[in-house]
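Written below as structure tokens is the structure these notes are about.
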Amino acid sequence: MSEPLLSLKDITAGYGRAALVLRGLSVTVEAGQVVCLVGPNGAGKSTVLRVASGLLAPRSGSVVLAGEDVTGRSPQALLDRGLSHVLQGHSVFREMTVAENVRLGGYTVRDKARLREREEAVKELFPIVAERWGGIAGLLSGGQQKQVEFARALMLEPKVVLLDEPSMGLDPKTTQTVFDQIDLMRRAGVAVLLVEQNARRALEMADVGCVLDLGAVHISGPARELAADPRLGALYLGGAAARNGPQA
Amino acid sequence: MRTVSKLLLLAGTAGALAYPWLVPNYYLVYAGVLTVMYAAMATSWNILGGFTGYVSLGHSAFFGLGAYGTGLLITRAGMPWVLALLVSAVLVTVAAAVIGVAAVRVRGASFVIVSIALVSVMNLLVQGWRSLTGGATGLQVPAPFELSRGQTHMVFFYLFLALLGLVLLTWWFISRSRFGGGLKAIREDEDKAEMLGVPTAAFKVVAFAVSALFVALAGGLYAVWFRSLDPIFVFSIVSGVYMVLMSLLGGVRHLFGPLLGALIIAPAGEYFLIALGESQIHLTATGVLLVLVVLFMPEGIVPRLVGRPKGASIREDTAEQRLQEVKG
């Protein structure tokens, strides 16, 4: 078993004075692994990603990235250390071109030769990005915009990519394309922490699945086994798993 | 298309250079100076407003500071006018950077209110500090050249034209730079831009200061051209609104948008002033125009002229073709 690239340990976190959203959550992601977080609305899935990317400081617990404790560091600092976060919904800069969007992913890099090299690499990975390079990003379809976001996220050759509901609002065919791209990231050795509402579909392609409920990992294990676990449906259908007690 | 653009640019430049020699009287040269001055100011405003989306209604504060700075350095410190103009512009830019650190912390309507407060405070400050500025009676600046009024208009037409050229070049360079890319990202989504590593706070302050620099230069040139500084006019919110209106009318996303807006609004303003006299009715016309632009042409004239960008991803295959594709 290899060392985890991203490790969240005993995280508690919340927004303002409101009740805690995450209550002692722990999760790890290794290189070339897709870990999928699923769970009902309000379980704290997106909050996990916000804590991991530095958008939300945890009240306790630690975030370790490639062996370094980065708890409470800014999103920019984590970006520089190889962690990229693709936000929920469509997060392209709509009035800018695809090229400008992708280049923003490498904004912190000043070496022009390296930037060009990365541009070519992501164009090769996402042909639609190359095809629409000079077009306005806001005019692309939902699936194409998602691929532009992926390309932007990969500009800095991140070690870890956080994906927040990448299939949101996409038709099944486009969702398949998006999941194929996630598989490509995994093959490139990237550690992917994925949050998805489309639980069964996401667990089919992920390596590890974690079911969240009430701010903690309720069930975890090999993703395909989890997809077949009847407790998954029960949890989605009304918190039956919560009544049965947590299992790790 | 590129050739057409180049030809239009060449024709426009030649027309602008020939303008003072083609018009029949010096009044039209004077109107031309005003138009070019507003075009330079609106394009300067657009360095902040167009790139970052921060709408400042108080940019006339920098115009007034540039004008008074230049006037005071000439009259009180005895500086040559060119040196006074440059020193004043640098001082205003530094002041704008300091003000910008606080001002651009707030966004949207709050920033608009802060910018209006800025021009009001400057107006009160200049009117209140009578011993230095002359207070409400204004400041008289000595003539820079021993020329007739008409010939002076000719000289300042070209000086303002040079300033306009400089601002246009600056805007063009920024739009193609890494800095410009960061500013555009701020305009679309500041939080997201910050997440991607764009130093948003520093970039906004720099854009604010660069924008103020050219407006201050316009104010300084105005001081030595007009020679009589009235604090009510130079620190007027109306001239700040004009900069916004010209930019919106022409199109804030385009290099020549504010210039096109100035070419329409400045002569129209002069016309209304002549037709309606020294009343405030021309301001009503300005207000109505602003409302019409926001309602019916929010993107401005230039996007209407060049058309919408191509490349929308509208599916071109039929449902039948897609079914065949799925069946394999």
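Cβ from N, Cα, C; glycine included.
Now, the feature entries from TrEMBL:
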- B:28-48: transmembrane segment (TRANSMEM)
- B:55-75: transmembrane segment (TRANSMEM)
- B:81-104: transmembrane segment (TRANSMEM)
- B:111-129: transmembrane segment (TRANSMEM)
- B:155-174: transmembrane segment (TRANSMEM)
- B:205-226: transmembrane segment (TRANSMEM)
- B:232-252: transmembrane segment (TRANSMEM)
- B:259-277: transmembrane segment (TRANSMEM)
- B:283-306: transmembrane segment (TRANSMEM)
Other same-chain positions with a Cβ less than 8 Å from the transmembrane segment (B:205-226) and lying at least 6 residues past its termini are 33, 37, 40-41, 43-49, 51-52, 54, 56, 59-60, 62-71, 74, 81, 84-85, 88-90, 92-97, 99-101, 103-104, 141, 144, 152-153, 156, 159-160, 163, 166-167, 170, 174, 179, 183, 234, 243
Counting Cβ pairs under 8 Å that sit 6 or more residues apart, are there three or more between the transmembrane segment (B:111-129) and the transmembrane segment (B:232-252)?
-> yes
May I ask for the residues of the chain that lie six or more residues beyond the transmembrane segment (B:155-174) and have a Cβ under 8 Å from a Cβ within it?
-> 16-17, 19-20, 29, 32-33, 36-37, 39-40, 43-44, 46-47, 50-51, 145, 147, 180, 183, 210, 214, 217-218, 221, 225, 255-256, 259
Residues of the same chain, at least six outside the transmembrane segment (B:232-252), with any C-beta under 8 angstroms of its C-beta?
-> 38-39, 41-46, 49-50, 55-61, 63-64, 67-68, 115-116, 119-120, 122-123, 126, 136, 215, 219, 222, 258-262, 264-266, 269, 283, 286, 289-290, 293-294, 297-303
Please give the sequence-distant neighbours of the transmembrane segment (B:55-75): residues at least 6 beyond its ends with Cβ less than 8 Å from one of its Cβ atoms.
-> 41, 44-45, 48-49, 81, 83-85, 87-89, 91-92, 95-96, 111-112, 114-123, 126, 132-133, 139-142, 208, 211-212, 215-220, 222-224, 229, 231, 234-241, 243-244
